[in-house]
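According to TrEMBL, the features are:
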TRANSMEM  113-137  transmembrane segment
DOMAIN    122-566  domain 'Major facilitator superfamily (MFS) profile'
TRANSMEM  157-184  transmembrane segment
TRANSMEM  196-212  transmembrane segment
TRANSMEM  224-242  transmembrane segment
TRANSMEM  254-272  transmembrane segment
TRANSMEM  284-303  transmembrane segment
TRANSMEM  421-440  transmembrane segment
TRANSMEM  447-469  transmembrane segment
TRANSMEM  475-500  transmembrane segment
TRANSMEM  512-532  transmembrane segment
TRANSMEM  538-562  transmembrane segment
Amino acid sequence: MAAAVSVPSLLPSRQSSVLISPYTRRHSSSISFRPPHHKIVQVAQRSRLSHMVMASASADGKDWPPSSESESGGFSLVKWLRQRKMQVKAKSAGSDIEGSRQPLIGSEETKEIFTWSSLIIPFLFPALGGLLFGYDIGATSGAAVSLQSAELSGTTWYNLTSIETGLVVSGSLYGALCGSIIAFNVADFLGRRRELILASMIYLLGALITAFTPDLPVLISGRLLYGFGIGLAMHAAPLYIAETAPSTVRGTLISLKELFIVLGILLGYLVGNLEIDVIGGWRYMYGVSAPIALIMGLGMWWLPPSPRWLLLQAVQGKGNLQELKERAISALSRLRGRAVGDVTSDGQIEETLRSLQYQLQDQQQEANFLEVFQGSSLKAFIIGGGLVLFQQITGQPSVLYYAASILQSAGFSAASDATRVSVILGVFKLLMTGIAVLKVDQLGRRPLLIGGVSGIMVSLFLLSAYYNFLSGAPIVAVLALLLYVSCYQVSFGPISWLMVSEIFPLRTRGRGISVAVLVNFASNALVTFSFFPLKELLGASLLFAAFGGISLLALLFVIFYVPETKGLSLEEIESKLLK
């Protein structure tokens, strides 16, 4: 039988439970001590390990501890565990610091208690910014048909040139590009909440101008303004969600934001289908986004600021520390549905404040813009920027924005028929996005990218063949569009942005992602604007064949250059894949 182990009590007493770090020694006068929660977790882990060691020794028929060592004092389980912990800690010294810089409230190891009902509102209103972006894509598909119809446009200027059509369709994307540039410079000053409120106001104004426009120049101006709101919303929404969500569900909620974009596309297709036979129906298609923008603005006005943003302002000396700290506690209590001044919220804010103070204390000089294009950051930019570039130049904007037009030319001559098939495309897109969100951590990034991009290439060559020699079979165009949408949504759609968020080193992550966003919107606007002129110049068959050729290059890029990041921490990605 195994001998009993004499192990000192591993649970610390109330008097001995405080671990004084170098930081707390320097600031002991201003910080109240409390037993660190994660140390209790580590103690429990040590206790479990001791039982595992005893069980293993017993199974081998050996006494525990070894008699010679225990009698001489040469072996101590606690000492061995402490040494092993120091070895592991030495390996991941940078991991703790970098991990603490994630946009959370509270520690990663602390299991925060919350109710799902308390998460709905803080997620829903920022996510409406993504839904309005998706809605614009779906509504524009039907509006482009309605606006150019002599019978349905309700205007005298319906006979648009290919360049004018491109400006109407891609105007919101040029606005989004400008909005992204502005957001890069004013986001930290405004804060996430005020940036989203401003985005909702711009959404509302742009929708109303577009819906009630008297002529083409005002219409294009409204589209540009609406796009400006897209740029602000797509920057602030994920930040607000990430900074206010509990760490245990943060990834799920951020992934659901992509689902809201797809839901917006489906809603745009549905409204387009309902209004396509109405004279001036394109006005209603664009105008429906106005009440959604109003709801978003009122919701964000009611929600509190991001607690972490308030603490950043305090640490950076941009306000009274005590006042901003109290506002952060109040904001977190409201977000979690707790009473004002709740002890749990107080403790979480105190912990986050100390973490931010420590980060800023040892923070080196801020990375400059050019550093994104140097060393490991350059490799990350090639991977992330290459994915979002191929995401657009393989024809994705053309297929989504011009889905109804493609279907009309494929044999669905009635505008209503084309928009109904667009609704089917939207449903398919929503389902495939859900599958991707559920499977990406099981299957990995590379398998989904390789399989999806291969399907995109096949679908584009099918569209080319339809316009060349299969014009008598309109079902080919429908199947090709369904294949394109499904393959895009399990590959480039969600995974490009997931890779962008993972691949950049910590030091240049913020600026690197900003550059990737600019590449995305710029290439999106370029492809969308040039589709009709290129279609007139090259013909549809050759144009889709060219997109298919670009997809082949994208497939080779993924196979030979894009790494697998499944199961790796951000630190492991930086140390193993970028060096």
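Cβ coordinates come from backbone N, Cα and C, glycine included.
Residues belonging to the domain 'Major facilitator superfamily (MFS) profile' (122-566) score a mean pLDDT of 82 in the model.
Distant neighbours of the transmembrane segment (224-242): 102-104, 122-123, 126-127, 129-130, 132-133, 136, 171-184, 187, 192-193, 195-196, 198-203, 205-207, 209-210, 250, 253-254, 257, 289, 293, 306, 517, 521; these residues of the same chain sit at least 6 beyond its ends, with a Cβ under 8 Å from one of its Cβ atoms. Cβ atoms under 8 Å from those of the transmembrane segment (113-137) belong to residues 172, 176, 192, 196, 199-200, 203, 226, 229-230, 233-234, 236-237, 240-241, 244-246, 249, 253, 256-258, 260-268, 271, 288-289, 292-293, 295-296, 299-300, 303, 335-337, 344, 400-401 of the same chain, restricted to positions at least 6 beyond its ends. Relative to the transmembrane segment (254-272), the listed stretch 421-440 leads the set 421-440, 475-500, 512-532, 538-562 in CB pairs under 8 A. With a cut-off of 8 Å on Cβ pairs spaced 6 or more residues apart, the transmembrane segment (447-469) and the transmembrane segment (157-184) reach fewer than 3 such pairs and are scored as not touching.
Among the listed stretches 421-440, 475-500, 512-532, the one sharing the most Cβ pairs under 8 Å with the transmembrane segment (157-184) is 512-532.
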